[in-house]
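Below is one structure, written out as structure tokens, with a few remarks after it.
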Amino acid sequence: MNVFTFLFIISAICSLDAFKTAVVPNEFIVHFHSKYFAPVRESYIAAKLLGSNVTNWRIVPRLNLAWQYPSDFDILRVCDGYESSSEFIIERLQTHPSVKAVVPQRSVRRILNYDAYSNLTYIHRHPQGVLRNRNPNNDRHRQLCSVLHANILWKLGITGKGVKVAIFDTGLTKNHPHFRNVKERTNWTNEKSLDDRVSHGTFVAGVIASSRECLGFAPDADLYIFKVFTNSQVSYTSWFLDAFNYAIYRKINILNLSIGGPDFMDSPFVEKVLELSANNVIMISAAGNDGPLYGTLNNPGDQSDVVGVGGIQFDDKIAKFSSRGMTTWELPLGYGRMGLDIVTYGSQVEGSDVRKGCRRLSGTSVSSPVVAGAAALLISGAFQKIDYINPASLKQVLIEGAEKLPHYNMFEQGAGKLNLLKSMQLLLSYKPKITLIPAYLDFTQNYMWPYSSQPLYYGSSVAIANVTILNGISVTSHIVGIPKWIPDFENQGQFLQVSAQVSPIVWPWTGWMSVFIAVKKEGENFEGVCKGSITLVLESFKQTTNETHVTEVDFPLTIKVTPKPPRNKRILWDQYHSLRYPPRYIPRDDLKVKLDPLDWRADHIHTNFRDMYTHLRNVGYYIDVLREPFTCFNASDYGALLIVDPERGFGDEEINALQENVYKRGLNVVVFGDWYNTTVMKKIKFFDENTRQWWTPDTGGANIPALNDLLKPFGIAFGDFVGEGHFKLGDHSMYYASGATIVKFPMNPGDIIVGTKLNDQGLSIINSKTPSKVAKLDVPIFGMFQTKANSIQSNEEIVVNAESNLAEAIPTDYSTFKNRVLLLRTKQRSISFAKSNNHETKNEGRIAVYGDSNCLDSTHLEKACYWLLITFLDFAINSHKSSLLQNLNRITEFHKLERAPLPLRISQSIIKSRSQDNNCEQFKWLAPTKQNNAEERKSSIIDVTILENEEHEINLIKNLLGEEIAKLGQNNDYLTGMQSADSLMTPIIFLIILSLIVIMLFVLFLKRRFIL
């Protein structure tokens, strides 16, 4: 795929886009391996292009401060705009030995913070920038620095002095009264003004370093203001790259980036963030405002070398808006990292307004500067250890000092809530070391969800833990040898088999280790906890001392194991046919959603299908995840294969394997599809103003043509009708959100087809003038079938070779839509049925299909249908037919309907099957080893030498800090005691009042009786 057919676009098509990135037409970033001055870079480009008589290009001048310094990129504009010319230019440039890559220039538009009362993310301003109705009872909410006890560090003279903090945002008004030390304001946009017209940058700067009214954490920090967003909140990759380079030249200590987006495929940006870390710039970034959904972390906050910050409320509950882990880079074949490092207050936090006064904002863009300001305090309080402070060591003290919040798991809170004072203590005592995130894996702790949600057993899919290596010793290191698996024989560790893959190089400061865990055959009937540990040895080279350090790190495992469940309790979830990440325009499953219509999140049972997974576990099912083709699993182990909203195609080998598993091994299949209509797909295309091109979706909500290929051997197919509407199934309220309908199905004894009346949503999209009160159509939406191996009709009247030509010619106007033909057929037919056959084969499986997956997907869930999923599984696995669905069966009625056409594949779709790489998972299991107690272990902590006067100063600060923390503890105990007394006083007063009421009633009763 060339750069012209590649578009990665995430857009909210509405008046205020939450995030939008697009390729800029005819502009390319030429990325060099090293930094060179401008004449040298131009000579490299000219040598390749002028030598080939190519003159239709020019280098775009970048009129900013970074232009005078060496740089590792140029922006090249192709003047004629012909695709062939651009392709030739790119090919020529990529042959130059100094050129690393040539990638499209991107524009990005983001709304920079969150408002709690809207689904949109936008700036919420108070009139004239000053808070109204100041309530002294709300001081705790406003004085965030006091809540986190920054005032205690201020008493010790720790105020951020000498720490260089860069703020990449919307700028800052000149001579703002809240700031003492604004060292430099720079503009990297195409606007002339350095001032902040959006007010977001001012607020962020205030949280970090305001010295008046709404106080910031580090009022004496040196602020470097980088304006990288215009007043309309637009930026370009190249602006960030130049600004990042300049931050490196300025030797910035901390860089706050209160923005983020789902753009980890923007390789120049991601690689530049890594370079910043390698140059000892500590980047702190917002996790994102896409919660409470899991798997919604934003980049760069989800990078291992960046401190990703989530948000909590002042009652220490995770804020609903705060994005949750896991990362989705690794899906569908692997498993995500925690991604989220720490959480802190980000709801209704007070900060500086654009010119004067204060206001409140909410969002992780608020939480990020809280941590950035705290980090500035930490560094200024431990300047004697500045040589040991780096992105890894600072992250280590932040996460080790964090307080775990009860009732929240690691994907929700990372390491926990920021504890400034504890992190300060840890930094003052810090010695360079290597640690892991997470530090251990424990299936018995609820904090470790989803690992705690289901035990392992023999034959289950392999559990994967994606571990981040943090090296506080040096920027570069490597793994020595292979990791060792040390089972704890006293705790049944011998029942486990473990494999590990590691990053060849740990750079910058971070690396990874993927751990794969399974249960051996010997543990098939074991129930309990198995323990052991993985050890790995790293060799680090510290340039400042020219020393090599060899250290050993442990990763303890505590694995809950259960006996192998029976087949009828086991479900296999198809993850393999989900997209790793949308490489093009992928529309939402629910076409009604207008504010967030593009699907940029990867599907997984632990992210957007988490609620469904929890429901299945609560009713006793065990769910395995299939990360390999259908040719790789043992169908005899599973009661049902669950296929939900697949995007990838199915290879011929997979189709044949599924057919054999259903007919010969009794595998049952449950399918939840989604809408697919090429006419609708062409209608919802949009013109992108940045690229000046029309963009059409690559698929619908699901890849229905691929599903039809898979279900063809069973005589089942979905059509192109896009249905929407509310309906009821018995007492169950249902909502069909842009679903497909069934147009082909078998008719065996006992089969069930259920239908309902739905709106023709496809028609309303194709023709916006369609009357709103058009009659609903009665259509079949789900079916439950007993397969019969000898009853399938194999002849399909499809002219396959004509598909792509026809797809291009699909009309979009209403007059032709009524007579549209989405599939070439040799003749018109009724819905085909398989012949009835009374012969029953015990091994033949059952299939249940439903045309809409939105009722299982938490992304835009309106009406959950978990009960229906359980009903399908009960039918498929246990052959139990719900009396409700039997009463609703209309198979005979739908038998009379005229056959509807099947949908075509859209011609330019890149959603292909992976049949060419159908490789099954293979693991190199580590041989069990014993820990040699006699062998001296290589410590993961390096001793450091500190000058006597510096050590005295550190000890003084530690002692003073300890005294202040002790006083704080006493005050907390006193307040707790007062609260306890108050809590006891309330019921006592209540009992006294109640007693008085009873006495009065008794007296009145006696008085009335006496009078009578």
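Note that the numbers count up from 1, one per residue, in the order the chain is shown.
Cβ atoms here come from the backbone N, Cα and C positions, even for glycine.
Database features (TrEMBL):
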ACT_SITE  Asp169  active site, charge relay system
ACT_SITE  His200  active site, charge relay system
ACT_SITE  Ser365  active site, charge relay system
DOMAIN    23-106  domain 'Membrane-bound transcription factor site-1 protease-like N-terminal'
DOMAIN    160-416  domain 'Peptidase S8/S53'
DOMAIN    437-564  domain 'MBTPS1 third'
DOMAIN    565-790  domain 'MBTPS1 fourth'
DOMAIN    838-885  domain 'MBTPS1 fourth'
SIGNAL    1-18  signal peptide
TRANSMEM  984-1006  transmembrane segment
Requested in this report: Count the Cβ atoms, other than its own, that fall within 10 Å of the Cβ of Asp169 (active site, charge relay system), considering every protein chain shown.
Outcome: 26
Query raised in the report: Counting by DSSP, what is the helix, strand and coil composition of the domain 'MBTPS1 fourth' (838-885)?
Result: 16 helix, 5 strand, 27 coil
Query raised in the report: Between 160-416, 437-564, 565-790, 838-885, who has the most Cβ pairs under 8 Å to the domain 'Membrane-bound transcription factor site-1 protease-like N-terminal' (23-106)?
Result: 160-416
**Report entry** Integer Cα-Cα distance in angstrom, Asp169 (active site, charge relay system) to His200 (active site, charge relay system)
**Finding:** 7
Query raised in the report: If you count other Cβ atoms within 10 Å of each one's Cβ, which of the active-site residues His200, Ser365 has the most?
Result: Ser365
Report summary line: His200 (active site, charge relay system) sits from Ser365 (active site, charge relay system) (Cα to Cα, rounded, in Å) at a distance of 9
Report task. Please average pLDDT over the domain 'MBTPS1 fourth' (838-885) for the predicted structure. Result -> 88
Query - Summary of DSSP states over the domain 'Membrane-bound transcription factor site-1 protease-like N-terminal' (23-106), given as helix, strand and coil counts - result: 30 helix, 33 strand, 21 coil
